[in-house]
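Some features that Swiss-Prot has for this protein:
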{"type": "BINDING", "residues": "223-338", "note": "3',5'-cyclic AMP 1 binding site"}
{"type": "BINDING", "residues": "341-457", "note": "3',5'-cyclic AMP 2 binding site"}
{"type": "MOD_RES", "residues": "S184", "note": "phosphoserine"}
{"type": "REGION", "residues": "28-222", "note": "region 'Dimerization and phosphorylation'"}
Amino acid sequence: MVLSQEHRDLLDAFQKEVEQRRPGDLLQFAANYFNKKLEEERLFVRSQESLALSKGVVLFPGSEGCGANRAAGSPDARKTGEDEDVMFKLPFVEHDPHSRHIYDDNKHGHDSCDPHTSFSREPGAGLFQGGYNMGQEAQKEAQTDFDPKASEVSSILKQRNVPRKSGVNSKPLPMNFNAERRTSVSGETLKPDHFSDWTPENYTEKTREQLKGLESAVGKNFLFNKLDSDSKTLVINSLEEKLVSKGQEIIRQGDEGDYFYIVEKGTVDFFLDDRKVNTYGPGSCFGELALMYNSPRAVTAVAATDCVLWALDRLTFRRILLSGSFKKRLLYDDFLKSMPLLKSLSNYDRAKLADALETEYYEAGQQVISEGDVGENFYLIEYGEADVSKRGVGVVQHLKKGDYFGEVALLNDLPRQATVTATTKLKVATLGKSGFQRLLGPVVEVLRLNDPTRADKR
């Protein structure tokens, strides 16, 4: 088994702790060390959403979290679960040593969301139940409990002559039973309201020359196009320099991916099933999928020459991305709430709208839209003022903070009906055509009623 860089870093940190503390009982020290790491990670993942909720922002729409599980663990829910326990048990659970303890705990009414219940009746039982000869008393207790529901279902099955599968005599599943299925991907759950004072572990200020090259590479990559300037700078300063010798493997096909790379110097060859398929040089990037989710590497990358690479890990990137999105939601939330036009939107709809908005700046005298142009965006004024003018007529309207424009072209699929020019420094939030149709919902009808080009408005 080839360990990922993330796993190697974790083990290296543990080794340093061992060398520094020189524990007498290594096993106990290891258990305490990794339990503490797990606790810190859980605290980080489950950090409170109170700041966001106080602003009316829904960070993770549709996610019920452990609250839903506790509700499901109520007496009524458990009763329903017991009725279905035997007939609808997962088909592979009997052969899975990792899931056996979950079944046993649920049978005894344990709440799987409570971190304290994972440390159960016997030392180590919560961590090592099932299949590994640990926590045996807990397993025996689960096996000797009399389940009247199971007996009742058994008698029904016998009457119908339906053979009942035995977990004792069943043959274990073959190791490659899932080999032809599509590989799954995953990603960590993060809570961005915990990031206020967070600094990336590998944060280092880059030189002007390094910044120039890295900004060019980052700027043309689709993952970073929508980041604001502060987030882009944070990404660049979080990149870690890696020196790779000629012939050294950088990533291996099928391995877990957790790093994104930018080539500063040298060339990298890519192989698919031992067949060379591509070569990248300075300024190129690879490994983008690793920043989005934990997916296996699609190819093998080998340094064709000595290389200087810059690497960014997935967790750092996602923290930067979510921190920026979180701040953006908080920033736009009060602004969107203050607009009479958007009062009909729910908190959830406002959160989605805030995510889709982009910020643009204009200096006094600069045109935002021009009469006759194709309309692609809807605009909301965050601060500043602008004039609306028409050819042959002159200025027809003056706009200020909280006003909007650009809706006519999107509502009626027409060219721009007027020119909007900034009269002071202007900051606007823009929404693209697809977002306008998809996210504004009932607001679109209000805009139609106020459309100045309507026949009954003339």
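Just so it is clear, glycine is given a Cβ too, placed from its N, Cα and C backbone atoms.
Annotated features taken from Swiss-Prot, shown on the structure.
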residue	record	Cβ within 10 Å
S238	3',5'-cyclic AMP 1 binding site	22
V268	3',5'-cyclic AMP 1 binding site	22
G283	3',5'-cyclic AMP 1 binding site	13
D313	3',5'-cyclic AMP 1 binding site	22
K328	3',5'-cyclic AMP 1 binding site	18
A356	3',5'-cyclic AMP 2 binding site	17
E371	3',5'-cyclic AMP 2 binding site	15
A386	3',5'-cyclic AMP 2 binding site	27
K401	3',5'-cyclic AMP 2 binding site	15
V446	3',5'-cyclic AMP 2 binding site	16
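By neighbour count, meaning other C-beta atoms within 10 Å, the densest spot among the binding-site residues L223, A298, L341, L431 is L431. The shortest Cα-Cα distance from D313 (3',5'-cyclic AMP 1 binding site) to any of the binding-site residues (A356, A386, V446) is found for A356.
L223 (3',5'-cyclic AMP 1 binding site) is 31 Å away from R416 (3',5'-cyclic AMP 2 binding site) when you measure Cα to Cα. A coil conformation is recorded for R416 (3',5'-cyclic AMP 2 binding site) in the three-state DSSP classification, outside any helix or strand. A386 (3',5'-cyclic AMP 2 binding site) falls within a strand segment according to DSSP. The DSSP secondary structure for L223 (3',5'-cyclic AMP 1 binding site) is helix. Applying an 8 A CB threshold to same-chain residues 6+ apart, the list for Q253 (3',5'-cyclic AMP 1 binding site) reads F271, L272, D273, P296, R297, A298, V299, T300. Taking the Cα atom of each, L341 (3',5'-cyclic AMP 2 binding site) and K328 (3',5'-cyclic AMP 1 binding site) are about 20 angstrom apart.
Across the structure, V446 (3',5'-cyclic AMP 2 binding site) and K328 (3',5'-cyclic AMP 1 binding site) are spaced 26 Å apart at their Cα atoms.
In the three-state DSSP reading, V446 (3',5'-cyclic AMP 2 binding site) counts as helix.
Comparing CA positions across the binding-site residues L223, S238, V268, G283, K328, the one lying closest to A356 (3',5'-cyclic AMP 2 binding site) turns out to be K328. The number of other Cβ atoms within 10 Å of the Cβ belonging to R416 (3',5'-cyclic AMP 2 binding site), over all protein chains shown, comes to 18.
Of the recorded residues, K328 (3',5'-cyclic AMP 1 binding site) and K401 (3',5'-cyclic AMP 2 binding site) place their C-alpha atoms 18 Å from one another.
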